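Features of the protein shown, as given by Swiss-Prot:
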{"type": "TRANSMEM", "residues": "11-31", "note": "transmembrane segment"}
{"type": "TRANSMEM", "residues": "97-117", "note": "transmembrane segment"}
{"type": "TRANSMEM", "residues": "125-145", "note": "transmembrane segment"}
{"type": "TRANSMEM", "residues": "149-169", "note": "transmembrane segment"}
{"type": "TRANSMEM", "residues": "187-207", "note": "transmembrane segment"}
{"type": "TRANSMEM", "residues": "209-229", "note": "transmembrane segment"}
{"type": "TRANSMEM", "residues": "283-303", "note": "transmembrane segment"}
{"type": "TRANSMEM", "residues": "326-346", "note": "transmembrane segment"}
{"type": "TRANSMEM", "residues": "354-374", "note": "transmembrane segment"}
{"type": "TRANSMEM", "residues": "388-408", "note": "transmembrane segment"}
{"type": "TRANSMEM", "residues": "423-443", "note": "transmembrane segment"}
{"type": "TRANSMEM", "residues": "452-472", "note": "transmembrane segment"}
Amino acid sequence: MSFLNINRFHILCFFLWQFGLFYACQLIFPIFYNFHPGLSCEDPGFNFSKPKCKLSKVEICTELTANCSKWHIEPAPFHSMVQDFKMFCGTKAYDSAWIATIQFIGALVGALVYGHLGDHFGRKPVSFVGISIGIIFGVASGFAPSWEVFAVLLFICGTSVACIMIVFYAYILEFIEPEQRVFLRTFFNWGYARLVFTLVCFICGYWRSAAIATSLLALPILPVLLWLPESPKWYATKNRFQEMKEAEKKISWLSGISYVEREDRRTEKIEEKDTKVYTIRDLFSSWPIAYSTIVVGSLWFSTSVSSFGADLNSGNLAGNFYLSQFVQAAAIALSKLSIFLLDLFIPSFNRQRLHQVPQIIMIACYTTIMALMISPDSDCSSQGSRNLAIIIINIIGTSFIELTWDACYLVAAEIFPTRIRTIGIGTCSLLARIGALLAPQMAYLSEIYPPIPYIIVCSIGIISLLISCFFLPDTKGVDLGALDRNPLEESGDNKEEEISEIQIGTN
């Protein structure tokens with residue numbers, strides 16, 4: 001018996017998911033294309049009203065605009081869109097934050113649209129179309145003649161990110177075994193994707209070439225998708241049993257094992273294909289599934305605010321820009337190992353604890369950062385002990401936020417029946433994208449008062465922790481196929497016969 005029953009087909013699925021995450025890192029591209037270089041004045045005799053380190057970016061812009069005739073753009077580690085389109089100060093600086101917001105609006109729209117398409121037309125074709133669109137428009141964004149055109153193209157790229165995180169994620173998850181889910185998120189994860197994404201941006205050094213190169217990272221997925229079958233679980237929900245059997249045979253061949261038809265399949269009758277179009281309304285067709293949608297969706301919202309708020313603000317912190325980004329990505333990747341080890345050796349470490357423990361540590365980290373920022377700063381050097389402490393604590397906090405994401409994705413994937421799984425994950429993702437809309441504005445507000453993002457993150461994090469402690473379901477080890485055989489909801493006279501393999505309750 002192989003480790004976690006992993007075969008060569010599962011390995012292929014793992015790598016496909018990693019390439020999908022390479023493209024999903026478009027959501028942190030604002031860290032790079034929105035990078036604001038330092039500003040100073042070359043006028044003789046010009047001095048700021050107080051030491052520059054004690055001025056916010058908005059105050060620096062105000063003094064330069066009022067008293068300086070010859071601005072100096074300081075050397076930057078990455079040539080951003082801000083430099084090309086002169087979006088340093090005033091309303092133009094706010095417009096640069098809006099570009100990221102528009103990108104997140106695209107992800108919000110994509111979550112709503114692709115979730116429904118994935119459940120109706122199938123995981124494979126919708127994933128192929130969504131990823132293809134993302135690559136094409138991502139490459140095109142590198143040639144944008146204005147920031148307005150760039151924003152429109154990023155809106156479309158945002159929809160494709162949603163397709164990957166919802167439909168493609170469900171597609172991959174329906175191919176692998178329950179015991180492999182944590183393995184997937186441990187060794188093929190956002191941290192490694194972020195490392196590669198940051199490396200590409202470092203090599204390119206310019207937002208246009210980086211936009212093209214990072215979009216092409218997902219290209220290897222497309223030819224493999226053409227070769228792979230549709231998800232048998234999706235076929236089963238549509239009562240397309242013959243096609244399901246053919247898909248299973250191909251998967252067996254790809255896995256290098258003999259196809260063995262399940263005993264309960266031999267007596268299945270050919271039924272009429274399920275032509276019902278499921279919508280978001282089906283998530284509220286019964287109390288158990290509505291309960292799950294509300295609870296899990298609220299956690300996605302809060303985690304998104306915390307995650308993207310901290311991520312997009314990381315470019316505003318002192319210290320070496322690329323070193324901070326590389327260390328942050330590596331810390332995220334390595335922190336995922338703890339999930340796998342806990343899941344493997346401590347079976348009682350369930351989905352609830354996977355969310356709550358990192359959440360508590362994250363709140364502690366950002367409360368500490370908030371206190372450090374509010375306290376008087378006697379050291380103007382970016383290498384000072386105070387700024388170094390903020391960077392280190394921020395990296396730790398960001399790593400633990402990513403662990404709460406794992407809990408959110410695992411619970412969402414394990415709680416919804418196949419026929420509405422991508423709608424369920426899509427709805428959760430929709431709520432997450434609404435939360436993410438706040439992130440660019442939080443990063444902009446940090447230019448006015450640096451502690452603001454951390455005040456928001458800590459406040460929302462505490463509410464999220466309380467919801468998790470009292471209401472989060474535990475879904476560890478759930479058989480996705482069993483969710484279809486024993487659905488979470490029944491309507492009409494059968495409501496009293498509701499059956500669920502998921503225990504809804506507190507720790």
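Glycine too: its Cβ is placed from the backbone N, Cα and C atoms.
Highest Cβ pair count under 8 Å relative to the transmembrane segment (125-145), across stretches 11-31, 97-117, 209-229, 283-303, 423-443: 209-229.
Contact count against the transmembrane segment (187-207) (Cβ pairs under 8 Å) is highest for 326-346, out of 149-169, 283-303, 326-346, 423-443, 452-472. Only pairs six or more apart in sequence are counted, and the transmembrane segment (326-346) with the transmembrane segment (388-408) gives three or more Cβ pairs under 8 Å, enough to call it a contact. Counting only same-chain residues 6+ beyond the ends of the transmembrane segment (11-31), those with a CB under 8 A from a CB of the stretch are 99-100, 103-104, 107, 131, 134-135, 138, 154, 157-158, 160-161, 164-165, 168-169, 172, 175-176, 183-184, 187-190, 192-194, 196-197, 210-211, 214-215, 217-218, 220-221, 224-225, 254, 308, 311-312, 314-315, 325, 436, 440, 443. Of the recorded ranges 149-169, 209-229, 388-408, the transmembrane segment (354-374) has the largest number of C-beta contacts under 8 angstroms with 388-408. At the 8 Å Cβ threshold, with sequence separation of at least 6, the transmembrane segment (97-117) lacks contact with the transmembrane segment (452-472), having fewer than 3 such pairs.
Here the transmembrane segment (423-443) has Cβ contacts under 8 Å with residues 27, 30, 34, 97-101, 104-105, 107-108, 111-112, 114-116, 118-119, 162, 165-167, 169-170, 278-280, 282-283, 293, 296-298, 300-305, 308-309, 311-313, 315-316, 408-409, 412-413, 415-416, 452-453, 456 of the same chain, all six or more residues outside its ends.
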